[in-house]
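Engineer: So TrEMBL lists the following for this protein:
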type	residues	note
BINDING	Gly135, Thr136, Asn137, Gly138, Lys139, Thr140, Thr141	ATP binding site
DOMAIN	42-117	domain 'Mur ligase N-terminal catalytic'
DOMAIN	133-341	domain 'Mur ligase central'
DOMAIN	363-498	domain 'Mur ligase C-terminal'
MOD_RES	Lys244	N6-carboxylysine
Amino acid sequence: MTSPQGRLRPEHPHSRRVADLADAFALVTAGGAGVPDDLETTGVTVASGDVLPGDVFVAVPGARTHGAAHTAQAVASGAVAVVTDAAGAAVVAGIPEAAHLPVLLVEDPRGVAGHLAAWLHDHPGRRVTTVGVTGTNGKTTTTYFVEAALRRAHEKTVVMGTVELRIGDEAIESPRTTVEAPVVQSILAAGLERGATAAVMEVSSHALALGRMNGLEVGVAGFTNLQRDHLDFHGDMEGYFQAKAQLFRAGHAQRAVVVVDDAWGRRLAEEAEVPVDTVATHVGAPEAATADWAVTEADIGLDGVGSSFVLRGPDGTEHRAASPLPGLVNVSNAALAVVLAHRAGVPLADAIDAVATAHEIPGRMERVIERRPAPDERPLCLVDYAHTPDALVLALEAVRPITPGRLVIVFGSDGDRDQGKRPIMGAIAARLADVLVVTDENPRSEDPASIRAAILSGVREERPDLADVHEATSRTQAIHDALDLATETDTIIITGKGHEPTQEIAGVFHRYNDRDVLRAADADRTARAHEQQGQHA
Ligand SMILES: CC(=O)N[C@H]1[C@@H](OP(=O)(O)OP(=O)(O)OC[C@H]2O[C@@H](n3ccc(=O)[nH]c3=O)[C@H](O)[C@@H]2O)O[C@H](CO)[C@@H](O)[C@@H]1O[C@H](C)C(=O)N[C@@H](C)C(=O)N[C@H](CCC(=O)O)C(=O)O
Ligand SMILES: Nc1ncnc2c1ncn2[C@@H]1O[C@H](COP(=O)(O)OP(=O)(O)OP(=O)(O)O)[C@@H](O)[C@H]1O
């Protein structure tokens, strides 16, 4: 079966000789067998399940398996050659289906994969305007803000991120925040083929640590912030910072825009190897005096939801701007996006105008049910992706000012991920929300009840009597419970899963989406109300 990513490959890919690829990267063949002179390739992949006929299969050693062990599947799908390390070549030598294939040796197959793909597709990243956004929180929101601005100057754009992979209006679900390096290159190549002239992408720390950006030098790199997350992978904050910092080295970006609200951003701006625009987004903070760009005023509550703000530019000129989404964090994201898009060539006024009206960002403070008075009587219901302690604080603080009644939160915490944050998240919710419904997020291989217990231990620190604290053993039930508990003056915020289309429980991905469940629960209540009215009539 072809991976859906195949749909975002170029329809008419460059065809290049495998011998030229070997020459270009000084690759030697394992065991002395040569590369047939007329052997051509049209694609590169690191995943055997994604191979299309004509691909070079780059077999990468991983934490779980060596890609080389999956060469038979790659061959069956039409791989024409294998690039791998010595250990991989030894594995391939034992696979009869691969006996006819040239095997090219390289020390670091994962590191070279993006460069091979960039070479094959003739460096598509050099022929489109590119923006990459990294940081713990705000990547998705900022990316969509930037895309809205880029669209003022480019008819067709490419978006790659957590929510989707999209060329113009053609989108597929994204398997992760940043796809493998050869996929980045083939999507850019497909974008160019279909007339896209600009691309904006989210860049995760995993991507930087695992070479997924190799082969691409983005035009402008953006940094939002660095907060506790992914310590299971990076070990400590220093390791996490160093991974992010790679995007700001020569060869990875031409220039950068860095939010300097936190100490990590200030350090990054100092250590970056490329020209940097600094942006201070906290009104009155000391950084505002020295940053190139600064938010000098911000008012929450524009249209009852978003915020208006003033952005001072490097020449001292003040620009009136706005964020369409609630909370000061989105002022931060909007300010960063405006400067990123401007540095990527969009006139400043157009960038400001476009960002101010970029409402639709899936699962990011998404307004799913509007506040409605009786007879319907519904609370305002938001779906938000906050899944780190800092993001949770900011999300709850953003929603408090637009909540006349009680703040109701439905939340959980991921299984098989940083365990330390569970009680911290519980304590934050207990402190900043009024009513808590503790439930599951993606339990993965863990026992869901023990994850909830860890969250509840943090809740108890703040609220020993567990008043207004509920536990629901399914997320769907939790959402129904929240709707039962809330009245029209309350706000329900469902955090942690955002746009996610599935819930992973015990190794199985179930179709699940907070927004859809919320809408169904809302429709269910409406139907029940009508039924009751019918009975009373
Ligand atoms: C920690 C991490 O990122 N691991 C990635 C890493 O896994 P790994 O080194 O263990 O690789 P492996 O599974 O042993 O496989 C080795 C090689 O064999 C290949 N293979 C494997 C099986 C097979 O049948 N056929 C095949 O070809 C794989 O494609 C791979 O190239 O390399 C694999 C492919 O090369 C990735 O699939 C895998 O991402 C896993 C799925 C993952 O969950 N990554 C997450 C943590 C991630 O990257 N998240 C960030 C966002 C984080 C955030 O901000 O929230 C992201 O960018 O999405
Ligand atoms: N600039 C910011 N600073 C802190 N928190 C933020 C910021 N922007 C957004 N958030 C919070 O973090 C959550 C995630 O936002 P968003 O999806 O834009 O970030 P992300 O970096 O893409 O996260 P992920 O990589 O986990 O998808 C939001 O729902 C919001 O609550």
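Any Cβ shown, glycine's included, is placed from N, Cα and C.
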Engineer: Can you tell me how far the Cα of Gly135 (ATP binding site) sits from the Cα of Lys244 (N6-carboxylysine), in Å?
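Structural biologist: With the alpha carbons as reference points, the distance is 7 Å.
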Engineer: Hey, for the ATP site built from Gly135, Thr136, Asn137, Gly138, Lys139, Thr140, Thr141, who else sits with CB inside 8 A of the CB center?
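Structural biologist: Residues close to the ATP site, other than Gly135, Thr136, Asn137, Gly138, Lys139, Thr140, Thr141: Val133, Thr142, Glu202, Thr224, Asn225, Asn333.
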Engineer: Which one is it: of the binding-site residues Asn137, Thr141, which Cβ has the fewest other Cβ atoms within 10 Å in this structure?
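Structural biologist: Each of the binding-site residues Asn137, Thr141 was scored by Cβ atoms within 10 Å; lowest is Asn137.
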Engineer: C-alpha of Gly138 (ATP binding site) to C-alpha of Lys244 (N6-carboxylysine): distance in Å?
Structural biologist: 14
Engineer: Name the residues of the same chain, 6+ apart in sequence, whose Cβ is under 8 Å from the Cβ of Thr136 (ATP binding site)?
Structural biologist: Thr224, Asn225, Leu226, Gln227, Arg228, Asp229, Thr388, Asp390, Ala391
Engineer: Determine, to the nearest whole angstrom, how far the Cα atom of Lys244 (N6-carboxylysine) is from the Cα atom of Lys139 (ATP binding site).
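Structural biologist: With the alpha carbons as reference points, the distance is 12 Å.
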Engineer: Taking the Cβ of Thr140 (ATP binding site) as reference, which residues of that chain separated by at least 6 in sequence fall under 8 Å from it?
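Structural biologist: In sequence order, the residues whose Cβ lies under 8 Å from that of Thr140 (ATP binding site) (at least 6 apart) are Gly161, Thr162, Val163, Glu202, Ile361, Arg364, Tyr385, Gly498.
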Engineer: Using DSSP and three states only, what is Gly138 (ATP binding site)?
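Structural biologist: DSSP call for Gly138 (ATP binding site): coil, neither helix nor strand.
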